[in-house]
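So that you can see what the record holds, here are the features copied from TrEMBL:
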TRANSMEM  C:14-34  transmembrane segment
TRANSMEM  C:46-65  transmembrane segment
TRANSMEM  C:91-111  transmembrane segment
TRANSMEM  C:118-138  transmembrane segment
TRANSMEM  C:158-180  transmembrane segment
TRANSMEM  C:209-229  transmembrane segment
TRANSMEM  C:241-260  transmembrane segment
TRANSMEM  C:267-284  transmembrane segment
TRANSMEM  C:290-309  transmembrane segment
Amino acid sequence: MSEEYVLQLQHIRKEYPGVVALKDVTLELKPGEILALIGENGAGKSTLIKCCSGAVIPTSGKIIVNGKEFSSMTPQLASENGIAIIYQEFNNVKELSAAENLFLGRPIRKGIVIDKKAMEEEAAKAFEALHIKIDPKALMKNLTVGYQQMVEIAKAVQQNAKILIMDEPSAPLTSAEVESMFEVVERLRKEGVSIIYISHRLEEIYRLSDRILVMRDGEYVKTLITKDSEVQELIKLMVGRELTQSYPPRKDCVKKDEVVLELQNVTGNGDTDISLKIHKGEILGLGGLVGAGRTELAEMIFGAVRKKSGKMIFNGKEIDPKSPREAINLGIALVPEDRKRHGAMLGISIKNNINMPIYERNSKLSVINNKQEQEIAEKYRENMAIKTPSLNQLVKNLSGGNQQKVILGRWMAADSELIIFDEPTRGIDVGAKYEIYKLMNDLVENQGKTILMISSEMEELMGMSDRIVVLSEGNMTGELSKEEFTQEVIMTYASAARDK
Amino acid sequence: MKENKVSRVLKDQAIWLVFIVLVIAFTIANPRFITMNNLLIMLRQVAVWGIASVGMMFVILLGDIDLGTGSVITFVNILCAKLMVEFGVNMYLAVLISLLASTLIGLLNGFMVATIGIPALIATFATQTAFSGIALIMCNGQPINGFPEKFSVFGAGWVGPVPIPVIIMIICFIIGAFILNKTYFGRYFYAVGGNIEAARLSGIRTGRVKYLVFALSGFFAGLAGIVLLSRTNSGMGNAGLGYEFKVITCVVLGGVSVAGGSGRMSGVVAGTFIIGALNNGMVLMNINTWIQDIVLGIVLVLAVGFDCIQKKRQAN
Amino acid sequence: MKENKVSRVLKDQAIWLVFIVLVIAFTIANPRFITMNNLLIMLRQVAVWGIASVGMMFVILLGDIDLGTGSVITFVNILCAKLMVEFGVNMYLAVLISLLASTLIGLLNGFMVATIGIPALIATFATQTAFSGIALIMCNGQPINGFPEKFSVFGAGWVGPVPIPVIIMIICFIIGAFILNKTYFGRYFYAVGGNIEAARLSGIRTGRVKYLVFALSGFFAGLAGIVLLSRTNSGMGNAGLGYEFKVITCVVLGGVSVAGGSGRMSGVVAGTFIIGALNNGMVLMNINTWIQDIVLGIVLVLAVGFDCIQKKRQAN
Amino acid sequence: VGCGSKDGGSDSKSESGDSKDKKYKVGITIQSLSNAYWAGVMGKLEEQLKDKGWDYTLIDCEDNSATQVSQIENFITSGCDLIMVHPSDAKAVENICKEALDADIKVMCWDDPMENTTANWVLDNTELGKEIGKTAAEFINDKFTADDKAQVTVIGYPSTKVLKERADGIKEGLKENCKDNYEVIAEVDGLEAPEAQSNVESVLSAHPDANVFVGVGAGAMIGSNEALLQKYGKGKIPENVGVITTDVTEQQLNSLKAGNEAVRSIVGFEGSNEDTAKACMEMYERILSGEKFEGDDHNVFRTIKPITTDNIDEILKGM
Ligand SMILES: Nc1ncnc2c1ncn2[C@@H]1O[C@H](COP(=O)(O)OP(=O)(O)OP(=O)(O)O)[C@@H](O)[C@H]1O
Ligand SMILES: Nc1ncnc2c1ncn2[C@@H]1O[C@H](COP(=O)(O)OP(=O)(O)OP(=O)(O)O)[C@@H](O)[C@H]1O
Ligand SMILES: [Mg+2]
Ligand SMILES: [Mg+2]
């Protein structure tokens with residue numbers, strides 16, 4: 001109809017058994033603009049944009065691309081109509097090279113024969129444009145999460161799409177990479193590409209977008225002009241209430257004389273010679289760039305991977321956990337970074353997910369106590385404000401944020417002494433973030449727990465930590481006390497190994 | 001949730017519905033089909049598969065598969081027969097040793113799958129190949145018979161009007177349902193089958209779970225082998241040939257996903273009964289063996305296909 | 001990257017190393033083994049499996065499996081024989097029709113897997129069951145023979161010193177390698193096998209890829225069936241019984257992961273040769289049939305187990 | 001059944017330098033060694049071969065012609081003096097047997113009248129079937145009349161050629177030797193005992209008065225006997241109920257001998273397994289001595305004779 005919009009989603013409704021994910025949502029994208037899409041976890045952002053590619057088939061509604069009307073799309077139609085999408089979950093083939101992933105589904109070919117060399121050359125150019133050093137021949141499985149995301153971005157850009165949809169592209173990226181991504185986004189905007197940008201990081205929204213569309217509970221709330229809007233207003237629209245602070249205050253409860261975990265020259269899993277101490281009641285932040293080896297360190301502490309050498313002392317005793325089970329029994333928990341792959345058990349219920357680590361403990365003669373199981377799940381559903389119609393709901397039917405809350409609930413239930421949070425708020429909305437921060441504070445303040453927090457968000461790291469340790473390429477490059485926290489210092493340490 | 005429960009019951013009923021339709025069809029074709037006597041005979045005929053299907057279901061829940069079932073049945077057949085006849089071992093002791101041996105074969109599978117990391121399809125296929133050779137060597141290709149009179153109780157005895165193998169099968173089904181729904185390791189089966197990495201990071205010793213499941217599969221196959229031996233009253237070097245696929249068919253017909261992580265015991269019971277009804281009913285109807293094969297293939301596709309289409313519709 | 005290449009070549013060589021070790025061992029046991037004549041005979045013996053293994057490899061690359069291979073071989077065997085003998089169809093036309101029919105069976109599998117969504121294990125097992133019934137009905141359980149003289153060329157002919165089935169097998173291997181490494185749809189096999197959702201969202205029509213792969217698997221199985229028919233010069237209603245597992249063994253020995261997404265043609269060639277050497281060498285060494293089974297099981301576990309342990313070490 | 005006696009061959013107890021005691025190498029490929037009958041006979045044959053100090057390889061082809069062809073190829077390579085083939089499909093091995101003959105290797109076929117062999121030791125399966133039918137007919141004629149017809153179940157396995165011929169022969173034999181005092185009420189599969197047992201149970205359920213079971217082999221007999229025993233109980237089997245099949249295995253003979261089971265008679269061959277093995281060994285020696293089996297003599301026919309309670313003890317001795 002009108003040529004005013006390049007993409008219109010009209011009255012989209014999407015029902016899942018037991019859940020209405022989208023109720024009558026309408027979105028309109030103007031040529032050459034960046035439209036930000038925001039909303040709490042489970043608001044339906046990802047579901048909405050998946051309708052544009054056929055990854056989700058809407059129950060009802062229309063999709064109009066450049067005046068052409070569709071009741072549903074397919075990935076082919078989307079690509080023919082100039083739509084490219086970066087999904088929230090990774091969509092790559094681990095056994096293929098970066099170059100082949102870049103050209104997945106549309107290889108450079110002569111007849112039926114592919115031209116590998118041309119693809120590798122093109123890929124090298126694309127990566128260069130993003131200021132990243134990725135070998136086009138490297139297999140995807142050997143790249144870090146951050147690099148994999150950069151390949152996704154390069155892939156979307158490479159398609160020369162007229163409409164680019166990005167679902168939380170910055171979540172796995174460190175600030176330097178976010179910067180190079182922004183450069184590309186700005187360039188594309190200048191070239192007349194229309195962009196939908198989804199993020200929970202409001203500063204990114206303000207920096208990039210022209211307009212902001214707010215969603216809540218699967219419904220359209222309001223569209224605002226970015227430069228005329230206020231942060232507080234946005235948050236209120238998103239969560240339906242007012243929030244004042246980004247980081248809840250915490251009284252100092254660090255017991256300097258009680259060391260919970262001490263690492264002495266721990267080496268292995270890509271890390272070398274890591275020595276640090278975590279005190280009781282402390283939140284120790286672990287910072288660094290992509291590939292710094294933080295996740296790897298967490299895996300060793302948690303027993304998921306064995307260390308090669310060095311010592312780990314937990315509550316005064318030397319430990320060497322051979323499996324997560326051993327670590328859990330000692331009182332260590334890990335909230336993993338990749339929640340779909342390592343955290344949530346998608347095919348089973350919320351109740352079972354929360355109880356999983358404690359079934360054995362709470363069973364008599366192997367038989368489960370159903371009442372207790374239900375009570376525990378109920379308690380943490382309330383504590384964590386998990387949005388669900390029933391505890392028997394399968395976790396795969398929850399939004400990303402709510403899945404994260406289920407995993408957090410699991411470790412609360414397990415009553416661990418040291419909890420490692422690997423990117424705890426990755427892809428989580430401001431409202432839920434605040435709740436998770438409060439929870440973390442409560443854990444150290446009132447429940448005598450200790451936290452090791454890995455985060456790529458500089459602000460979160462500085463806002464939450466009592467101390468920060470910085471890693472760079474598997475080496476420990478710096479340790480900062482609260483007074484020394486500045487972005488510049490952390491960045492210097494973080495790139496120390498790379499600069500050498 | 002309510003809706004969820006209703007649709008779950010309906011799905012469960014779908015497979016039972018297939019069973020009822022079959023029963024009606026066969027009864028129309030030959031009224032003798034529905035006699036209590038024939039129904040019990042039918043159950044007795046599937047007892048061996050039903051018993052083995054409990055263990056197989058656990059394995060399939062993990063997303064694995066056990067192709068060794070047939071060989072374990074054969075091996076136990078020969079081992080138990082040899083112990084009783086050639087070594088004069090007391091009948092109960094022979095049964096015990098045989099069950100132990102079959103559990104050990106299961107553990108061997110568990111070792112290959114969990115510790116070495118060989119895909120279950122390959123590991124259990126190797127077990128199948130090797131143990132069918134071993135069984136034949138042990139019996140030298142000859143049937144073994146002359147068991148104590150009492151031994152026939154497992155396969156051919158009765159409690160009132162009910163054949164003992166049927167009772168054994170039902171007990172196995174109940175144990176299976178209990179393990180899956182009431183015990184913590186039953187929960188682990190679903191967790192490991194659904195997402196093994198997440199299960200491991202939740203503190204589940206996934207290796208042990210695999211060992212346990214394969215051991216149970218070996219055990220139930222062994223028990224099936226004992227019942228078969230008692231039923232035929234003769235140990236044969238190829239007694240269990242091809243049984244693994246019959247058992248897999250029962251499990252899969254029952255709606256257990258070969259991808260792992262989902263399935264219910266009641267479905268497997270229905271799947272087993274369907275196979276029983278088909279086998280028995282088609283013979284009653286005097287249908288040519290080759291056509292029986294074709295019918296079996298078609299029923300399998302229809303039942304599983306129907307399930308898949310439903311799931312697809314739900315997912316969209 | 002360099003290191004990657006080296007380790008890849010090493011891994012490839014590992015399976016070839018196994019082959020070489022076997023060859024040396026058998027030669028020591030019986031020097032006749034290494035004669036050119038015997039080696040060619042050995043290759044001729046595995047030609048049927050080798051040809052079918054190309055299609056099976058594609059299917060396994062997708063993370064699926066084709067249990068229908070054996071039945072397709074049998075079916076084609078009977079169909080082609082019947083066409084030539086009973087309907088007097090010209091030999092080349094009969095071959096063409098048979099290949100078409102086998103490709104259609106493959107498409108039927110593709111339909112069940114891609115369109116209905118039945119797991120390949122089940123869908124192809126149903127095909128196997130049904131088509132073995134159909135083949136037996138067609139031939140009434142009786143062998144069919146009396147083909148045109150020339151027909152024996154496919155299975156028993158020679159070009160110079162090289163048997164024609166060996167040449168056909170080698171051509172199939174080359175075509176397989178070409179498809180996998182050079183064509184865009186070959187790369188799609190890896191993509192779909194590695195991450196089907198990502199492949200779909202990248203615009204790959206994953207359904208079509210599955211259809212194509214199953215059709216190819218049917219086609220290669222059909223070709224294998226023709227070669228088998230020509231080799232035995234007689235169509236039998238159980239000619240391909242159990243062949244699917246022999247073919248799967250060749251593919252898996254060759255390092256193709258049953259999880260899908262990884263594997264190379266050269267490995268499959270080595271896998272096929274190893275099976276050939278074992279079958280041939282053990283007979284030359286005068287090893288008992290039943291012990292041969294045990295050896296086969298052990299070799300399979302060792303080869304795949306070694307690979308798994310290596311991969312595990314690499315991952316850490 | 002086991003490995004060949006490669007080393008046992010050279011240092012065995014053959015003192016006499018007689019040319020008859022020359023050591024030979026024999027390759028044997030059998031349809032299926034997991035079949036009780038074959039495993040039994042071959043076990044005895046092995047004993048004979050070991051006694052002679054001959055070198056031999058014994059394998060089975062799992063009822064697959066292509067495998068059998070490969071095995072014969074391997075025998076040719078390994079330098080056998082004699083290849084004995086019990087073909088899965090005789091036509092399928094003709095060509096390769098010709099290659100063996102061309103390589104100056106003697107070839108003997110067990111069961112089928114093949115062309116490219118030195119000699120055939122033939123069992124005419126249609127004849128055997130007819131004999132089973134005839135034996136069954138004797139039982140039927142003895143117990144049944146046109147008013148009280150025998151309810152016959154044929155237990156076959158039509159997926160292999162020989163067994164199908166045998167089953168067809170059975171029906172022919174019944175037709176030829178019975179009046180209208182029988183009817184075939186069911187035909188079921190039953191190669192292996194468990195399958196036969198299940199199917200017979202189903203038949204008994206459909207036709208509670210089914211009484212005569214005629215089958216093609218040991219599995220059919222063991223399975224149907226067991227099903228009948230379970231229905232009636234040992235010693236309580238009605239006089240007019242019976243099982244008649246072929247194949248000579250110890251278990252069958254014991255059932256027959258017991259007298260209180262359903263087995264009524266067995267159509268056997270030379271006698272015991274040992275008799276069969278000896279007869280086979282004789283064939284080997286005749287062939288290897290250079291005897292020409294030409295014209296009608298190309299096919300040497302095996303003897304078929306029923307085993308009943310009368311001659312059973314003698315046969316049991318040689319099992
Ligand atoms: N396959 C599914 N089955 C059932 N419900 C689903 C499914 N996928 C999503 N949902 C539901 O749809 C709703 C919207 O989810 P969606 O992932 O679109 O949220 P989102 O706004 O992207 O959240 P987040 O910020 O956490 O990524 C949620 O309530 C979720 O539970
Ligand atoms: N599968 C793998 N194979 C080889 N090297 C790997 C693999 N995974 C990770 N690495 C390497 O290990 C190092 C650490 O990777 P990783 O990105 O997980 O660290 P991190 O500090 O947790 O980063 P993030 O910011 O993503 O949490 C990197 O140098 C990376 O290249
Ligand atoms: Mg989302
Ligand atoms: Mg990390």
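From the backbone N, Cα and C atoms, a Cβ is placed for every residue, glycine too.
Not measured: the values here are computed from a predicted model.
In this chain, the transmembrane segment (C:118-138) lies close to the transmembrane segment (C:46-65): three or more C-beta pairs between them fall below 8 angstroms, excluding pairs fewer than 6 positions apart. Only residues 6 or more beyond the boundaries of the transmembrane segment (C:14-34), in the same chain, are considered here, and those with a CB under 8 A from a CB of the stretch are 253-255, 267, 270-271, 273-274, 277-278, 280-281, 284-285, 303, 306-307, 310. Segment contact is absent for the transmembrane segment (C:241-260) and the transmembrane segment (C:158-180), given fewer than three CB pairs below 8 angstroms at sequence separation of 6 or more.
Taking Cβ pairs closer than 8 Å, the transmembrane segment (C:91-111) reaches residues 55, 66, 68, 72, 75-76, 79-80, 83-84, 120, 123-124, 127, 131, 147-148, 150-151, 154, 210-219, 221-223, 225-226 in its own chain, all 6 or more past its ends. The stretches the transmembrane segment (C:46-65) and the transmembrane segment (C:267-284) are in mutual contact, each linked to the other by at least three Cβ pairs under 8 Å (pairs 6 or more apart in sequence). Nonlocal intrachain contacts for the transmembrane segment (C:267-284), taken as residues 6+ away from its ends with a CB within less than 8 angstroms of a stretch CB, comprise 12, 15-16, 18-19, 22-23, 25-26, 29-30, 32-33, 38, 41-43, 45-46, 49-50, 53-54, 57, 169, 173, 176, 246, 249-256, 292, 295-296, 299, 303. Remote same-chain residues near the transmembrane segment (C:209-229) are listed as 47-49, 51-56, 58-59, 61-62, 64, 66, 68-69, 72-77, 80-81, 95, 98-99, 101-107, 109-111, 113-114, 147, 151, 154-155, 165, 168, 172, 185, 188-189, 192, 199, 235, 239-240, 243 (criterion: CB distance under 8 Å, separation of at least six residues from the stretch ends).
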